[in-house]
Every structure is written in structure tokens, then in C-alpha cells.
Amino acid sequence: MGDTLEFNEIYQEVKGSWNDGRLRFSKQTLVYKNSKTGKVDSIPVHELTQAQWRRVCLGHGLKLSTSTGHIYKYDGFKDTDFEKISEYFKANYKLELTEKDMCVKGWNWGTAKFSEPLLSFEVNDSPAFEIPLSSVSQCATGKNEVTLEFHQNDDTEVSLMEVRFYVPPTPGDEGSDPVEAFAQNVLSKADVIQATGDAVCIFRELQCLTPRGRYDIRIYPTFLHLHGKTFDYKIPYTTVLRLFLLPHKDQRQMFFVISLDPPIKQGQTRYHFLILLFSKEEDINLTLNMNEEEVERRFEGKLNKNMSGSLYEMVSRVMKALVNRKITVPGNFQGHSGAQCITCSYKASSGLLYPLERGFIYVHKPPVHLRFEEIACVNFARGTTTTRSFDFEIETKQGNQYTFSSIEREEYGKLFDFVNAKKLSIKNRGFKEGIKGNDNMYSDSDDEQHDAYLERMKEEGKIREEANGSDISEGESDESFNPGEEDEDIAEEYDSKASASESSGDEGDSDRDRKKKPAKKAKLVKERKPRKKVKKAKDINAPKRPMSAYMLWLNSSRDRIKSEYPGISVTEISKKAGEMWKQLSKEKKEEWDGKAEEAKKEYERAMREYRESGGGSSGISKRERNRKGKNEEKRKKSGGGREKEKERTTGNDSFKSREFISSEESSSESERGKRRKRKKSDDEEDVASTPPSSVESGSD
């Protein structure tokens, strides 16, 4: 057998809630670590006095008693673990692991025994149930009754509020009251906070962020008392998990954070963190309400009777000595501005994210503390509103996700290096590697760089396009892009061509006109209108599509399901049929798949015959007619507009639109030369054929 013995998924009951964790036995200590809170219970081996093995609700359990009066119970062991634990205890702890049976008769009449911190209710010397007295919040007495009230746990679905014990009078004990004796035994070990005695010290008017307000903090030996104008809170030191001392980004203030489990409550609000804000410039002279010998004996040099210094230092020093826990401060992380934190937003509230040596903590609203061991992975995502920031996403092993947004892009390199050094799993690791060495990673340049987030968005876009591709191709609107129609709506330039009456047939004039001809303007393409999806008309005469294997089976089994389950509704039939189809054997499913395949072939054959006989053409011809009608109407409108423009601009037949120029003319120099010669000869013929009447009218 090795030096250590370790068990996973071992449960510890805490105020009605089962918390899982890991239990490890070693030669010096017994250590249990809570997986949810990270709290560690360490039991020295020399303090163990008794070990019991019991059958409990979660299998088998282990109950350990110590010389200091504490009881530890762990459940979730297997039956085969008894031999391993028993041998290990004998070999290393010199302790016998005894088996103890629980009473399962269900009787409510028995004997109440107080053994250190437990109230054990026994029937025939066998324990029926046990109540940890530390879970008792109040104890009230009646004539022959004692009522115990318990602290509530927010993590439990059902909570035990109170238990009442009937204590019968004893004829022999006339001088003492058994009810009061029972209550005193409970109160001596119960977790009932009573502000008795003087406070060790008092801090006046401290600024508290959660719960918000200014409070007087009274430090008692066993609990912390927050006294405000409206509310009072009493916090036992046993509920303090961790202490944090965090510098503000402005370097002028300090946060002192106290993590609590269970949290303090005010109505339905739960405060898991107590956050105090201090100014670095505020000093205090503190005197403890104890003599020097008592201070030295109790705090062993951690505190002095008279102390002076910054207010935040005094508060943190006193809390560290009384709670007996270390104070966590930021590690070696430094952001772009040199601060040990990062400005970000969480749930629409701005705050500060502190990367610690073993986790992250966000202050202040709402406070969040995430340990590295409970983080599954992290992700760097592009900001949703601007490219000058990014989001930092943390996903825990329990499936919860925390998104810290609006982080400046300059902080990316520092944060990525920190996460990478802590060996946390990064989802989009390629995003960093693709831009390594480029500080301006969110610039608006067109340089191509690998972006994992952008690639993911492109892939999702491709999937959506492929899903909608068939519908778009079948349902194109009549206004789809048509190059021939687009050219008709483009603004055109008009050519100036000399007429027979104004032209002298001079070749030089023709050359000048050609030179004055303006250059051809670039075509202006109209912005395309978004395509409209046109629902394809259903052909009622076409053969019906074949049914799937499941639908064929359902139609044949529907009557059988109704007979087996009379009165079943339509929706319940579908639900029941789905369950039956899942349980159907592979051979049966293959049989129905074959029938579905035959139905599909029959449908394809019928559809082919239907198309050959001319079916399905009416819908197509109607769509074509609509398209041709719209195009014709568009041509008429554009043609009428050009005729009006021509009449307004020219007023006679001297100028002709480009559309009347022969399409056979070429743009080459040889073709232009031939055109000039042909035009010159035509002009001479026109002069020669002028009638005499026109010449005479001109001489008059």
C-alpha cells in the first residue's frame, strides 16, 4: 500500500447541501478539498480519536471524531473501499475503523444524546439521525417543547426549517427543568451569535460597496458586526473563505474584499462578497481593547495593543489575525498602462478584472471570483460594437460562462501571455499566432491576417447560404439582373452629325466635328434591388411526394397505438410513436426503409410521366408571361422618355440618336475613312439633284 490514499467524488454535507470534492489520506494529515468553493479542510493525524464506517444514503460513509471536539462526515464510498481504508488506518494511524449500523425503524420516540457538537437521536442505542449543533440558528422553549431553527442554505432546493422535541417531565427531578437543560445543551454548541462583551476594536464610517453604504465595523473575538443606519450584519469568522487586498487602477485607493460562504442575506438579496473601499492617504491610530499580555497570548505577535498606519493596512491586519487566513494580492501581472488590473464591463456594469496567481477576481458589481482549477477554457472574441476593444470569455467546468467586454485592444497581448503562462485552455489560439508581432491587431487596414473569429463567422454564413440556396434559385423575382435591360436605363450621350443643308462637304469640317465629339462617359450602373423571394406555385395535379419510412410505419401502427392506449390525444400519439420507433429493432427499420425506397422510385416514375405529358408547364408559362409583360412595359416607358428628350434638345431631324446609327460601323481607322468618302459623295449628289424651284426661290 502506498503512502497516500485518495478518493474522488466524495461528498460532504454542509447545511443540507451535498458538496462533492476529493479526500486524501496521508501519513501526516487528512485533507478534503471542496470542488465548488475550493475550501480545504486539513485534519492532523494525531488529533483523530474515532473512525466509524456507516451505511448512508449515498452508499457508505466515514465519520471521524477529533480531540478538539470536531466531527467530520464524508459520504460516497463504495462497499469495497472499507478494506482499503481499514488497513490504511491500522498501518498508519493506529486506529480501528469500526462499523456502526443506523436505525431505520422510523420511530419518533427515543433518547437525545449530546456528544460534543452533535445532537444524536437514538432508538434502542442505534442513531436514527444526527443534528450538527453548528447548524442551529435559534433555540426556543415552551412548556414541554424545545424548537430548533436552522441556518438556511441557498444552494438547496428543499431546506429543513425547524425541528421540535417533546421533553416529558421527569418525576424525580423536581428541582431542575428538563426543557431548560435541553435548551442549554443546544445553545452551548449552537451557532447563535450574541453580541456579548466588548469589541476588540471599532472602525467608524467605513465606505462599503457591497452592501452599499457606510458602516461601523465592530471586531469581536468570534464574529464581525456591521452596523449601518438601516441594516446590521453579523458575520462569523468561520464563514470567511478568503481575503483580498487589491489596488485601484488610479493608484490612490484600495479594495479590501472578504469572500463569504454562506453569504449574508438582506431579504432576497445575497452578498457573497463584502467589499470595502479605502483611500491610501487616510491614516489611523488604533488601540485594542485588551491588555498587552492578553494580546501577546492570543495573537502571538501578529497584533500589538497600539498600532498606527494606513486605515486599509490596519483593517486587513486585524482581519488576518482574527480569521487566520492569508491575504491574496495581485501577482506579477501588469497591464498596458502599468496597472495590475484591466478595465472592462460585466453585465452592463463597468469594473476592474484582476488576474491573480490562482484565479481571476472582478470588482465590484457583481463581484466574481473564478479559480483556475474550475475554468474549462477561455476565449478572446472581437468586440460587438467597436473594433477598438475585445471580449474575454471564461467558461467553467460546470458549464457557466462569464463574458468581460469592452477591454482595450492594447491589453490583449499582456492578457494573452498571462493566460498562456498559466496553461489555461484557449479556444481561438490561432487568432494570436496569426498576428504575432502585430501590436495593432484591431486596425482597419486591409492586410490579410488570420482571424479565428472571422473564419467562424464566414463558415456560419456559408452554411446559411447553402441552406437557402435552393429556395433562392427556384424563386427568383422578375427584377433579376439583365445586362440588356440595364443598358436601356443608362444616361447616353448624343452624336452631332452634320445635315446636307448645313454641311459643305469639307473634309476638314468633318474632322473638326469628330474631334469636338465628347469622350464616351463611363456607364453608370444602377444599384441592384434586393431579390424578392417568390413562392413557387403548388401544382395540385402533380403526383404526391413519397412518405418516409417513419411515416409509413406510423400510418400502419396508428390504430394499434389507439387500441393499446384508449383516449390518447393526437399529440400524445406522436410522442408515443416516436418512443416506439426508437425502440424498434434494426431489422424492422430496414424493412420500412425498403418500402420507403420503393415509394420513392414509384414517385419518380410517375413524375417523369407527368412531365412528359405536359404537366407542370402552366405555372412556368404564367411566370414567363408576367416577366415579359414587365420588361415590355419598362421598354415603352424608357423609349417614350428618350423621344421627348430628343424633341426638346434638337427640334428637327438634324441630329439623330446613337441608337439609329448603323451597328455595322466599326471603330477602326479604315472603316472611318470609308465612311468619310461615302458621306462626301452623298453630299455632292444632293446638290446636283436640287430642283430648280428651290434655286429660283433662293435668287428672289
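Numbers run from 1 along the shown chain.
Each residue, glycine too, has its Cβ placed from N, Cα and C.
Owing to the predicted nature of the structure, the values given are computational and were not obtained by experimental measurement.
Feature annotation (TrEMBL): of 283-302, 583-602, the stretch labelled region 'Disordered' is 583-602. For the region 'Disordered' (583-602), the list of distant contacts is 546-550, 552-553: same-chain residues at least six beyond its ends, Cβ to Cβ under 8 Å. Taking DSSP states H, G and I as helix and E and B as strand, the DNA-binding region (543-611) has 56 helix, 0 strand, 13 coil.
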